[in-house]
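Engineer: Below: one structure in structure tokens.
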Amino acid sequence: MAAREGAKRLGAAVAAGRRPVHDPEMMTSGRRTVSYSKIKVPAGGQKIVLGQPIPDDPIVPYIEGDGIGVDITPVMIEVIDAAVAKAYGGKRKIHWMEVYAGEKATRVYGPDQWLPEETLAALKEFAVSIKGPMTTPVGGGIRSLNVALRQEMDLYQCIRPVRYFNGVPSPVKRPELVDMVIFRENTEDIYAGIEWPAQSEGARKVIDFLQKEMGVKKIRFPETSGIGIKPVSIEGTTRLVRAAIQYAIDNDRKSVTLVHKGNIMKFTEGLFRDVGYRVAQEQFGAQPIDGGPWSKFTNPKTGREIVVKDAIADAFLQQILLRPAEYDVIATLNLNGDYISDALAAQVGGIGIAPGANVGDKYAVFEATHGTAPKYAGLDKVNPGSLILSAEMMLRFFDWKEAADLVIKAMERTIQDKIVTYDFARLMEGATEVSCSGFGKAMIERM
Ligand SMILES: NC(=O)C1=CN([C@@H]2O[C@H](COP(=O)(O)OP(=O)(O)OC[C@H]3O[C@@H](n4cnc5c(N)ncnc54)[C@H](OP(=O)(O)O)[C@@H]3O)[C@@H](O)[C@H]2O)C=CC1
Ligand SMILES: O=C(O)CCC(=O)C(=O)O
Ligand SMILES: [Mg+2]
């Protein structure tokens, strides 16, 4: 079976909250094959093998994360353990296994060990994991470890649902109209990290090549330009758009919007749009509406219509504020998806409750949308909601629906009782402000 078929199913399964069907080619060995130096594999618990039923006692690796990782990760674990215990009375239990990346890895493994090999090996061996945020310095320094993980593990779908919880303070009048799921391409685009600093030998060589070999005359200041390359492929676009459309089918959604800047970047963002429509037409039987390019097809599962349309990114950013109800599933490129994630999260109360999952053919790594918020690190202050809701997505992937529902119910009740962290408290009348761990406790009390 083609790997991309496996990808389609795993991605759709994560997004739809179903476990993937049996597929021998997606299986890793049921036995332990790797020995670890610093990672302590729990004595109890079993490895998740994709394609087989999720065990009742899965081992789940987690990366604590930099900055506020130290605050939110233990709270997430406490809340998820409580939900699982309450839902299954001890019949099911996650065996958490800490693995190291980012600043903590440099403390455990030594200087410059930001993403140790055994961490990557463990994330692959145990297939499904969750991570806190990791710091990326601006300008120089190490490249993003978050992006590196996505690329190394080929986690090509970044799935970020954006929905409103009643009672959350929002800067818009009708936040409840926002109900979108972003499918962000996660391995290509300008995020590939192919770039050279201004005045470096690399930049000079590339500029020289462009000017002399390619006849490029449009580099305004060639002597002082940094250069970045933006690869966008037919394969990468096809698999991402296919996953987004499959999600729309599985979840009875109304539309899939391809968001791009293809009027300006014709052969990258424009390619994304064109290939996106082609996928809809050739793989899902979509037919052009009024001569196209918007297209539609009948959802084979529900008989309802799904429209595939596109929007240019700048216009899209104003439309999600003015007419959010018109947008549903969003498929977009890496950089656009990064911007859109935070912008949409703000409409429903901010990145304190914005969850996500990175999904590929063989592995899934769940993670919040936000970063390390360094000024709050270690203060037990920030909202743990994003990471808790990312773990809730993981529970749905396990098909542990009862536990996932408990997490959502507890989140709703806690917010409705106006027990919130600082980010919501500062915008709400009559709220009780609690700490990060206090919010977790309040959630557990309301399960
Ligand atoms: N996937 C990842 O691991 C990501 C990592 N990063 C990295 O994180 C670092 C910091 O990035 P930065 O641009 O400051 O973005 P952050 O997302 O870390 O923080 C920006 C602001 O968002 C608010 N915020 C973030 N998290 C929470 C939370 N849990 N609860 C409440 N409010 C929250 C805070 O707002 P306020 O100040 O208003 O209180 C915070 O100052 C960078 O190194 C960046 O590269 C960034 C994004 C994703
Ligand atoms: O990797 C980083 O530091 C930032 C990534 C990011 O903002 C994101 O994935 O949303
Ligand atoms: Mg981001």
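Positions of Cβ are set from backbone N, Cα and C atoms, glycine also.
Owing to the predicted nature of the structure, the values given are computational and were not obtained by experimental measurement.
Annotations per TrEMBL:
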- D338: Mg(2+) binding site (BINDING)
- 59-443: domain 'Isopropylmalate dehydrogenase-like' (DOMAIN)
- K173: N6-acetyllysine (MOD_RES)
- Y191: site 'Critical for catalysis' (SITE)
- K261: site 'Critical for catalysis' (SITE)
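Please situate the listed features within the shown structure.
Structural biologist: The secondary structure of D338 (Mg(2+) binding site), as reduced to three states from DSSP, is helical.
Within the model, the domain 'Isopropylmalate dehydrogenase-like' (59-443) carries an average pLDDT of 97.
Listed in sequence order, there are no same-chain residues at least 6 apart in sequence whose CB falls under 8 Å from the CB of K173 (N6-acetyllysine). K173 (N6-acetyllysine) carries neither a helix nor a strand DSSP state and counts as coil.
Taken residue by residue with DSSP, Y191 (site 'Critical for catalysis') is part of a helix. Y191 (site 'Critical for catalysis') is surrounded by 24 other CB atoms, counting those within 10 A of its CB over all protein chains shown.
Counting every protein chain shown, 20 other Cβ atoms lie within 10 Å of the Cβ of K261 (site 'Critical for catalysis'). Secondary structure from DSSP puts K261 (site 'Critical for catalysis') in coil.
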Engineer: What does the structure give for the C-alpha distance between Y191 (site 'Critical for catalysis') and D338 (Mg(2+) binding site)? Integer Å is fine.
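Structural biologist: It is 10 Å, counting Cα to Cα.
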Engineer: Cα of K261 (site 'Critical for catalysis') to Cα of D338 (Mg(2+) binding site): how many Å, rounded?
Structural biologist: 14
Engineer: D338 (Mg(2+) binding site) has how many other Cβ neighbours within 10 Å of its own Cβ?
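Structural biologist: Other Cβ atoms within 10 Å of D338 (Mg(2+) binding site): 20.
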